[in-house]
Structures are given as structure tokens and as C-alpha cells.
């Protein structure tokens, strides 16, 4: 007979909270820009800013791929929707093309950032549902092909929506996007706290960390909710999930919508941070990078996804700053372009991960291991039936 582990009913399944570890990680996150800035300058703090954007993107894709098991190769489209929403609502672009908008706002629409964010998230979620609805019966390779096409359609659409009415300004992109200003507090300016100066890249870092923390909190709550368990059931066996009474249609649409909304949030922050958006920022390669963050870290495991996102955001910049000088020192000139080396190492990393760490660098603990750990913590032994 198959051996099944269970624990006594009195044993709680509440995860153990490590306050010390949380405080240490929190202190490192807060101090990171000051440490990195002192060691490498504002350039590397800007790299940290993009790492936080990748964290939000990867967590959003993790909802679709990791939680629900739906392969999405066009996720960057929702990032584009959020970025262009922020660009159109906080720049003079629409006022130059529509007289009625110019009459209402001669200098352009300058919607507050706190209003733009929910609009961008809602619009991205709507696009997520529009993508999910016709693909409900697709899985695996077929779903991947459709989502890939969706991502390219959005990019090409943005690239060509400069005629007959110039809405997106085509490949030239939209400029003069308002920076983030909240209650008169301007992030682009250098601020001083406790006798220390915080440049704009520091301020944006803390804004992105706040956004990432919100996404982490929502994802954690979702994962341990009834919806999260329904996603896990669909991921493991959709037919069995349907037989158990789970409305797979609505649950899958919710996964697409939630994941897309986080992409929209990240896109809106990206647009305000850059002050400029163009279609070239939302290529298929970016979708692959975000998917690589999820796969490299560990699909379905939030800490692993965060690790993967940070590594893949920092690693290319590290290569860019070291491989050129290294080749010059060894050969006297650059033999291989650093961008080519980056792509080669991306591919090599994915192959090695699939061969030796198929579940990622930091995969989720197995259910039986969790039960054994919790039982040990509570001074009880798992009972075998």
C-alpha cells in the first residue's frame, strides 16, 4: 500500500516567520542604492532600478506561467500597454493631434501619476482578458505561438499608429513624459534626508521597491488563497480540476488579467522613469528575458522569481562593463561584441539550468518537505498511514 504522510490535526500549517531574516533583508534592500552608489556610482543604482522593474514583470508573468501553468511568450505587450498609457496621459502628444483635447488642455494631458497607475493596470488587465478569452482551449506549444503573435501585434501596432492619426508617434516614440510627482514631491530632484543626499535614481529605486513589495504581497496572498489552489489544480491537471467543479474558464482569465495588470504597473513606472517610450523597448527578446527570469529562479516560487529577475537584470550590465576591457587587456581589441556574449551566456545558462537545475535556482519546497518541517517545528512526527 502506498505510504501517505499526514500530521496530527493539532499541528498548525502556518508558515514560520523569521523576523531576524526579514529585518536583515529589509535593511539590505534599503541600503542597497547607497552601497552600490558609493562603490560604482549612479549608473549601477540605475541598474538596480531596472532590476526592480524586472521583479514586477517577472512576478506578473509568474502568475500566468508559474501559478496557472499557461505559457505566455508575449507578456511584454502588457508592459507596452502600461508604458504607452502613462506616455499618452502625461505628455503633450494627444493635445497636438486632437483639437478638442488641445482646447481642454493646451499644454497636454498631465494626469497625476497616482491616477495613471490604476488606469494602466486596468487597461493592461483588459488586454490580458482579450488575449485569454480566445485561447482558453489552447495549451503548450499552441498557446505559446498565439501569445507570441499577440506580443508582436501590439509592438507593430504601436510602431505604425502614427498614421492616419499620429497617436503613438510611430518608431520615433513619445517624449516629454511627466516624471513622478506625488503631493508636490518631485522624484527627479535630489532630496536630502538626515544629512544625506538622495539623487533621482535613488528616489525611483525606492518607488520601484514599494511597487515590487505590493506585487509580492498580492502574489503571496493569491498563491495561498482558493484562487491560487485552483490555479495549481489547473496547472497539474486541467481535466481533473474541471471534474472537481473548478470553473477553469474564469480562473484562467483571472490569471491572465492579474498577470497583465502587474505588467501594466511596471510599464507605467517605466514610462515615467524614462520620460520616453518607443516600440523598440518592447521586442520579443524582452519577453524572453522576463520568461528567463521566471524559469531561472524557479517557476511558481516567489523568492526564486525575484532572485532570477535581479540576476538577469544585473548580469548583462556586469558583462557589458567587464567583457570589453577584459578582451582589450588580453587581445588588444574586442574580438566578440559584448551583446553577442550576453546572448550566448543567456542561452548557455538556460541549457545548464534545464540539465542540472530543471526546477530553477531556488525552487519551491515540495509539499511533503513542508509538512515534515512544520511538524518538526511543532514537536510532532508525521504519521504514516
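Here the Cβ of each residue, glycine as well, is placed from N, Cα and C on the backbone.
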Among ranges 4-21, 76-93, whichever one TrEMBL labels transmembrane segment: 76-93
113-133, 176-196 - the one TrEMBL records as transmembrane segment: 113-133
Highest-contact recorded stretch vs the transmembrane segment (113-133), from 76-93, 140-158, 202-220, 253-276, CB pairs under 8 Å: 253-276
Proximity verdict for the transmembrane segment (202-220) and the transmembrane segment (51-71), three or more C-beta pairs under 8 Å: yes
Same-chain residue ranges lying at least 6 outside the transmembrane segment (288-315) that approach it to Cβ under 8 Å: 47-48, 50-51, 53-55, 57-59, 61-62, 65-67, 72-73, 75-76, 212, 216, 219-220, 223, 235, 345-346, 349-350, 353, 359-364
Same-chain residues at least 6 beyond the ends of the transmembrane segment (253-276) whose Cβ lies under 8 Å from its Cβ atoms: 49, 53, 56-57, 59-64, 67-68, 70, 72, 75-87, 90, 113, 116-117, 120-129, 131-133, 136, 173-180, 204, 207-208, 211, 215, 218, 222, 227, 231
Residue numbers, six or more beyond the limits of the transmembrane segment (51-71), whose CB comes under 8 Å of its CB atoms: 78-79, 139-140, 143-144, 147, 205, 208-209, 211-212, 215-216, 219, 222-223, 228, 231-232, 234-236, 251-252, 255-256, 258-263, 265-266, 269-270, 273, 289-291, 293-294, 297, 299-302, 305-306, 308-310, 312-314
